[in-house]
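Features as listed in TrEMBL:
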type	residues	note
TRANSMEM	22-48	transmembrane segment
DOMAIN	40-346	domain 'G-protein coupled receptors family 1 profile'
TRANSMEM	60-81	transmembrane segment
TRANSMEM	101-120	transmembrane segment
TRANSMEM	141-163	transmembrane segment
TRANSMEM	183-212	transmembrane segment
REGION	260-283	region 'Disordered'
TRANSMEM	293-314	transmembrane segment
TRANSMEM	326-349	transmembrane segment
């Protein structure tokens, strides 16, 4: 992303020629990255077509992220490869602006999609009842996805397109391609704050809220279990001992008792509170898996984005004179590397994606019937 630093490298940049071995190594690495990004994210998109169980509101945000990452590998990087290897832009001014708009747009959309995923997971843990009731309302997910793309475009798109008209002239040479606001340090600093720090603070808040919610519920669950054990009547303890020693006969009595109680009692919740108590650890375990999977995705996002953002801030403070230029290039590719890593995180963190990938990649081995629960499985 943001390949706007060619100008800073000076006039000698166009004369830079890599040795043949280095040229081949760089070309192989870049093409490999493109292939991984395109195929990995295409697999995620195809999974939504193949596995209908993925078409729930919570998973549409992952689809949104996969679309932006796919376009990064299919459009942005292939156009940038000859530019970085030759140091000259030969595709014209129109395609330059289009590439810049798409590059900034797609990377910003990826960031905002991470925020949306974190917010969705936050609701699934802290407002579980209302969240589950809205899972079939996919139109709400579509509206949020559109909002992500609009916000991502507004952040950089108008500046890329209209900056030249606003200042009255272009400062970009014909054989180079970078945004006109490259020289506007205040804009770069403000945009970097909005593009990384605001999303990162939001994501950190959602993750912290999820952690605190799970922690409170775990402590409450322990206190409840201790209270039940202390208040359990002796007769109930005797019955449990009888069932343990007379397993076969005891199970028949328990089955008869449960059938009789279900038919005679007007309220199932009052009848068998142990059922609801047994479900609480399951929900707590599921939420722990949600938190862990989200933490993995967010940590990868922070590792890939923090170096670029910090260098942008340092660059804005010292007006580009205190950091070696190759470090900027490394941070660009680290941003794009995030688009290659994300598809591998989905099956790692979500069993629903893992099942869908197995169905696509190993159709003959996929003999297990789909689960009755079609939500977003975490493992």
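Cβ atoms here come from the backbone N, Cα and C positions, even for glycine.
Caution: TrEMBL annotation is automatic and unverified by curators.
In this chain, the transmembrane segment (101-120) lies apart from the transmembrane segment (22-48): fewer than three C-beta pairs between them fall below 8 angstroms, excluding pairs fewer than 6 positions apart. Where the transmembrane segment (326-349) meets the stretches 22-48, 60-81, 293-314, the count of C-beta pairs under 8 angstroms peaks at 293-314. For the transmembrane segment (293-314), same-chain residues at least 6 beyond its ends with a Cβ under 8 Å from one of its own Cβ atoms are 1-2, 111, 114, 117-118, 121, 188-189, 192, 195-197, 200, 203, 207, 210, 322-323, 327-328, 330-332, 334-335, 337-338, 341-342, 345, 348-350, 378. Packing against the transmembrane segment (141-163) from elsewhere in the chain are residues 57-58, 60-61, 63-64, 97, 100-101, 104-106, 108-109, 111-113, 116, 179-181, 187, 191, 194-195: each is 6 or more residues past its ends and has a CB under 8 Å from a CB in it.
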